[in-house]
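Student: Take this structure, written in structure tokens, and hold onto it; I'll ask about it next.
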Amino acid sequence: MNIIHVKNYEEMSQKAAALLFERIQQSPKITLGLATGGTPENTYTALIAKAKENGQSFSHVQTFNLDEYVGLPAEDKNSYRHYMEQRLFDHIDIPKEKTHLPNGMAPSLEEECRAYENMIADAGGIDIQLLGIGSNGHIGFNEPGTPFSSKTHVVELAEETRKANARYFPTLEDVPKQAITMGIQTIMEAKEILLLISGKAKAEAFAKLCSDEVTEAFPASILNKHPNVTVIADEEAASVYTQKAHL
């Protein structure tokens, strides 16, 4: 793993946006894997700014998001489709038909999972996958214990994950209990991975990631086996690892 240490969240966001923008500029056709949540928000803001400053088109870009809640229609303000439209898609010239998220309202969720995998394969795979990490090591919605061989699947959300996402909903009860997520193998098949880690709440997770122990009990640990991973971590996220390194 190539680890880039930065001062704070804003510097992490700027560096991530610069890396993504470079890939978009350099490629006549590119497929991005995208993430949601608090971590990538400012990365998208910075990416939009770079696109406007440089007159960069996104018409050659295709995107696949990691996950979507089950039971929320796309227009629901808490759906990940809505998140992506608000924070990125509505501000760039990417055709809507080239932006993909799992359909959490599909009549057959199993068929939707298979169809999503097939769409990724038909696109030629993901060129660069943007990731965050949960405090328990989850990537996407792949909770501890998820097989490394997993493909896109329906997952029961861990209570810890639901509580972490409750700030976006009126109450904890309103947070969906299931989601569709790319599997760990799906994520690992991306040609390049960009992992963003920020804040004290992720410090233990970053330290575990750097321990090199690969175990399904800590899903992100598999990233140590990927040949092309860049991690951008701020000082707070790196604090526990830094302390241990000096012991």
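Every residue, even glycine, has its Cβ placed from backbone N, Cα and C.
In case it helps, Swiss-Prot gives these features for our protein:
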| type | residues | note |
| --- | --- | --- |
| ACT_SITE | Asp67 | active site, proton acceptor |
| ACT_SITE | Asn136 | active site, for ring-opening step |
| ACT_SITE | His138 | active site, proton acceptor |
| ACT_SITE | Glu143 | active site, for ring-opening step |
Student: Where Asn136 (active site, for ring-opening step) and Glu143 (active site, for ring-opening step) are concerned, what is their Cα separation in Å, rounded?
Tutor: 8
Student: Round to the nearest Å and give the CA-to-CA distance linking His138 (active site, proton acceptor) with Asp67 (active site, proton acceptor).
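Tutor: About 12 Å separate the Cα atoms of these two residues.
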Student: Rounded to a whole angstrom, what is the C-alpha distance between Asp67 (active site, proton acceptor) and Glu143 (active site, for ring-opening step)?
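Tutor: Spelling it out, the Cα of Asp67 (active site, proton acceptor) and the Cα of Glu143 (active site, for ring-opening step) are 13 Å apart.
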Student: List every residue in the same chain as Glu143 (active site, for ring-opening step), at least 6 positions away in sequence, whose Cβ is under 8 Å from its Cβ.
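Tutor: Listed in sequence order: Asn136, Val155, Leu157, Ala158, Thr161, Pro219.
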Student: I'd like the Cβ neighbour count for Asn136 (active site, for ring-opening step), meaning other Cβ atoms within 10 Å of its Cβ, all protein chains included.
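Tutor: Cβ-Cβ neighbours of Asn136 (active site, for ring-opening step) within 10 Å number 18.
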Student: I need the most crowded of these active-site residues: Asp67, His138. Count other C-beta atoms within 10 angstroms of each C-beta and give me the top one.
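Tutor: Ranked by Cβ atoms within 10 Å, first place goes to His138.
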